[in-house]
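Taken from Swiss-Prot, the feature transmembrane segment covers 10-30, 35-55, 69-89, 100-120, 184-203, 218-238, 247-267, 277-297, 309-329, 336-356.
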Amino acid sequence: MPSARFGRRGIVLLTLGLVGPCGVGGAAAGSSTGIMALRFLLGFLLAGVDLGVYLMRLELCDPTQRLRVALAGELVGVGGHFLFLGLALVSKDWRFLQRMITAPCILFLFYGWPGLFLESARWLIVKRQIEEAQSVLRILAERNRPHGQMLGEEAQEALQELENTCPLPATSTFSFASLLNYRNIWKNLLILGFTNFIAHAIRHCYQPVGGGGSPSDFYLCSLLASGTAALACVFLGVTVDRFGRRGILLLSMTLTGIASLVLLGLWDYLNDAAITTFSVLGLFSSQASAILSTLLASEVIPTTVRGRGLGLIMALGALGGLSCPAQRLHMGHGAFLQHVVLAACALLCILSIMLLPETKRKLLPEVLRDGELCRRPSLLRQPPPNRCDHVPLLATPNPAL
């Protein structure tokens, strides 16, 4: 994953700089092959932007602010969806619409101005680039100090002692092959990747409209999806810090499974209002599950492989989203069987989520050993005091290396 090798900032700037020319070129392409190739490249670049920005937001925050910052980013994305729908209503030409949206992305190259868009200090420390990390942290400390005050002596000493207090090994030897010796990290990756895949794949099963394929149905489905995503962000912001990541993820997937089973078994006996209600409930809960599984994955994957691991989780979510266009290609044939399979997988997710650790208000794991210690407390044995999931959850330090 390039973000783990070349840095979050460099990947974000590179992909943002290429989005504009790629989008404008795709709108100007004359052949269907050129349009498909450039649209594929555009989606690839936007996925890189999404991953890089998500990592930088997460690694910049302290444990108490990670949820709020993640949900704020999701709400900004939902606002972008509403803006796109409004522009699509105004502009009937898709080529003009694509140029209008992607061309201004070139302006994001101004983020490359020194001191404006900073690299992740956490990534720099893990990569043993201590001088660059000290520079980034000093800039952040100076920007956040009260106006007119100098940087305190404690902050200066902390910056000077940064190299001695972070004896991390070089990360160039870390790869997916090295993860084979860390079964707990693999378990968390597989469970959260599978949950994210199902949460994205099952969404189209809850659309109460859109079967006719008319433009009004398309806009209504898009508005419904964006609206339920906004409601899911509000719901997560209210409940997750109170009841924990794992508990709310379990509740969301349970509601997803219940909505699927009701629609599968009682469709012929429900009126339109009940069908719409359970469809909105399933769409809402699947949106919440996708958002929370991504956040939980980013909090249990160590910094040394966070770019690769979170990229894998997001890729599985995007792969699950292909179930809707794949179903349309088959003209709706096998939709019931597909819904049955996805509902069964949702029930399997409910069982697997209980094996995940709780990460509320905890420091991010830095190296593979930290990630291996993040596990669900045993039901039969008292957990050791150095385990990441030890209760109480407030101000739990990372285990000693």
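Cβ coordinates are placed from backbone N, Cα and C, and glycine is handled just like the others.
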For the transmembrane segment (277-297), distant same-chain residues with Cβ under 8 A (at least six beyond the ends): 54, 66-67, 70-71, 74, 188-189, 192-193, 195-196, 198-200, 202-203, 205-208, 224-225, 228-229, 231-233, 235-236, 240, 245-246, 248-249, 252-253, 255-256, 259-260, 262-263, 270, 309-310, 313-314, 317, 349, 356, 359
Positions on the same chain near the transmembrane segment (35-55), where near means CB under 8 A and six or more residues out: 2-3, 8-9, 11-12, 14-16, 18-19, 22-23, 25-26, 29, 70, 73, 102, 120, 123, 294, 298, 306-307, 310-311, 314-315, 318
Same-chain residues near the transmembrane segment (184-203), Cβ under 8 Å, at least 6 residues beyond its ends: 225, 249, 253, 256, 260, 282-283, 286-287, 289-290, 293-294, 296-297, 300-302, 305, 309, 312-314, 316-321, 323-324, 339, 342-343, 345-346, 348-349, 352-353, 355-357, 368, 371-375
Chain residues in Cβ proximity to the transmembrane segment (336-356) (below 8 Å; excluding those fewer than six residues from its ends, i.e. six or more beyond): 187-188, 191-192, 194-195, 198, 201-202, 205, 246, 249-250, 253-254, 256-257, 260-261, 263-264, 289, 296, 300, 323, 327, 376
Range from 10-30, 69-89, 247-267 with the greatest count of C-beta pairs under 8 A to the transmembrane segment (218-238): 69-89
